Amino acid sequence: MQVTSSVREPLVTGGKSYHDVTHDVSRQVEGKPSLSWFLAFLTAAGVLGLGSIALIATLWEGIGMWGLNKTIGWAWDITNFVWWVGIGHAGTLISAVLLLFRQKWRTSINRAAEAMTIFAVICAAMFPVIHMGRPWLGAYWALPLPNTFGSLWVNFNSPLLWDVFAISTYFSVSLVFWYIGLIPDFATIRDRATGLRKTIYGALSFGWDGAAKTWMRYESVSLILAGLATPLVLSVHTIVSFDFATSVIPGWHTTIFPPYFVAGAIFSGFAMVLTLMIITRKVFKLEDYITMGHIELMNIVIIITGSIVGIAYITEFFIAWYSGVAAEQYAFINRATGPYWWAYWSMMTCNVISPQLFWFKKIRTSIVATFILSLVVNIGMWFERFVIIVTSLHRDYLPSSWAMFYPTWADIGVYLFTFGLFFTLFFLFAKFFPVINMAEVKSVLKSSSEKAAK
Amino acid sequence: MERDTHFVLGVYEDEDVLLDAVKQVRSSGVKIHEVYSPYPVHGLEHVLGYKRSRLPIAAFLFGILGTTLALTMQFYMMKFDWPMIIGGKDYAAFPDFIPVSFEMTVLLAAFGMVGVFMVSSNLKPWAQPRIFDVRITDDKHVMAIDIANNSAMDQEKIKEILKSSGATEVNNKSFDE
């Protein structure tokens, strides 16, 4: 039936049978958590607890706890927001875009990447909500609800409102897409279990029976959801970039922002997927499913998107000069040589130079190098957002208003809180949910495993 | 209920054997109740003679509903209910309404389609599925044949057909409901 080219690398190594796939993945859910899992989980929960002190202080006292001033009204909060949303782009890209392009290698990484997406978007959404100052009233400011402030509605001309719709749609559609994929795997765990676990996973599996008719509908739903999620994922970071691009601040007011932000999002998202996958495959002994081939392909995506981001930085600089607008030219010269030069050059080094190392096959097929570079890329992408946001604001129109931004302990603490939240959720997911999509891996096993190639 | 409770099951190991088996069994006049698999087998719905799913149509209709609702809401709020000049734009600044309309289209299309899928496939947390064989969600494909639906044919004959089509095991399964 299916023809496999002998030059393609196998997607699953180690001569796995269908039952081996079930066993290798379900084993993590069924067994007692390992000591290393407990240590990792407790560390994450500890960071979450520490960070929550800063979060509570911010909610109690107001956002005056942060280092913002009258010149720099947006700094770490929006930087962290854009950074987390960017990270949250890889999951849907892997599961939706690669599904449309029939890239079978997505099958063993899509589950964890989508989980990461959902948790990253939760972390991202925290920041605009906290930034409202009184988030318990936020629903009136963010949603078109009838209210007693007069019949004043939310402003549909504002990109900030578009963001509310984009992020909430993205979050809920990604969650549904992820859950639909989980249903058959929950059924697998249900059928292996007894007692309480059977009841819990039975409810989670929604009474899945694996009938051919249900699979037909499932495939239809997956394909349409992928078709919907692909423009959706591109729209989300486009709209995030509109928050800046539609303003009249020199350094923000550029038409290059939407594609540049989307490329940056994929770049940082793949880096985060790599960071998590390298740990997960090691801890859960899944090296036969998440192979060197997967890591190499993801590194290639990083070279491409990293290069797009690099070209965007250079184009921005060139257009600032070529436009002949003095304010625009100053904004960019100031980025590279002003008081925040160190942030700018950290960004350039981490995002433009470091991913180019992946041209060397030795580096892109080295676990250690990939792990380090995946961290470097995300540090770089954090600096990119910081540079765009803070350096464009800190030189106001009047030199008397020029200022610097210094983070307070609350800024750092709230950022730590989201790290704690992200990793706590991810570790819980890794323990209680099947981290690899068993059904989809089985569907490519016959045509693309090492065993089949023989 | 007497109907639908006594089954003959053919267990298959390989997806390509299964596809051929479905064709053979159907051409020998046996009505197949359903085939159960651990993963989606491509082409199975064709050999079973299922009609194409109409879920894409549901998604399209829900999507149109989303666009309509979003545009109606925005025009009503911004142009009719509380008109304000914002940024020197027209009250009904149509291009500004596109992003929200797009997001609402996707949201309703996705949720509507998934909702229809859940209802049509009877997927709900409290559903009690008939589990023909626990290995269905692991590594075996199972073809279920309803005896009441094939009363014209002898049970032993059905078993024979299943065996000759490549089934590695042939079992009986009854549900008391």
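Using the three backbone atoms N, Cα and C, a Cβ is placed for every residue, glycine included.
Since this is a predicted model, take the numbers as computed values, not measurements.
Per TrEMBL, the feature transmembrane segment maps to A:37-60 (among others). Nonlocal intrachain contacts for the transmembrane segment (A:37-60), taken as residues 6+ away from its ends with a CB within less than 8 angstroms of a stretch CB, comprise 66, 130, 135, 283, 409-421, 423-424, 426-428, 430-431.
The transmembrane segment feature in TrEMBL is assigned to A:80-101 (among others). Non-local neighbours of the transmembrane segment (A:80-101) in the same chain are 109-110, 113-118, 120-121, 123-124, 127-128, 167, 170, 174, 177-178, 181, 222-223, 225-227, 229-230, 232-233, 236-237, 240, 261-262, 264-270, 272-273, 378, 381-382, 385, 389, 414-415, 418, 422; each lies 6+ residues outside the stretch with a CB under 8 Å from one of its CB atoms.
For A:113-133 (among others), the entry in TrEMBL reads transmembrane segment.
Taken from TrEMBL, the feature transmembrane segment covers A:160-182 (among others).
What TrEMBL records for A:221-240 (among others) is transmembrane segment.
Residues annotated as transmembrane segment in TrEMBL: A:260-279 (among others).
The transmembrane segment annotation in TrEMBL covers A:300-322 (among others). Long-range Cβ contacts of the transmembrane segment (A:300-322) within its own chain (Cβ-Cβ under 8 Å, at least 6 residues beyond either end) map to 254, 256, 259-260, 263-264, 266-267, 270-271, 274, 328-329, 331-332, 336, 347-348, 351-352, 354-356, 358-359, 364, 373-374, 377, 384.
Look at TrEMBL and you will find A:342-360 (among others) tagged as transmembrane segment. Packing against the transmembrane segment (A:342-360) from elsewhere in the chain are residues 264, 267, 299-300, 302-303, 306-307, 309-310, 313, 335-336, 369, 373, 376-377, 379-381, 383-384, 386-387, 390-391: each is 6 or more residues past its ends and has a CB under 8 Å from a CB in it.
For the transmembrane segment (A:367-392), the list of distant contacts is 72, 74-76, 78-80, 82-83, 86-87, 244, 249-252, 264, 267-268, 271-272, 274-275, 278, 295, 299, 302, 306, 309, 331, 334-335, 338, 340, 343-344, 346-347, 349-351, 354-355, 357-358, 405: same-chain residues at least six beyond its ends, Cβ to Cβ under 8 Å. Residues annotated as transmembrane segment in TrEMBL: A:367-392 (among others).
What TrEMBL lists as transmembrane segment is A:412-433 (among others). Long-range contacts of the transmembrane segment (A:412-433) within its own chain (CB-CB distance under 8 A, at least 6 residues past either end) are made by residues 28-29, 33, 37, 40-41, 43-55, 57-58, 66, 76-77, 80, 84, 111-112, 115-116, 119-120, 122-123, 126-127, 130, 182, 276, 280, 283-284.
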For the transmembrane segment (A:113-133), sequence-distant contacts whose Cβ falls under 8 Å of one of its Cβ atoms, 6 or more beyond its ends: 55, 58-59, 62-63, 77-78, 80-85, 87-92, 94-95, 141-142, 160, 163, 167, 170-171, 174-175, 177-178, 181, 269, 272-273, 276-277, 414, 417-419, 421-422, 425-426, 429, 433
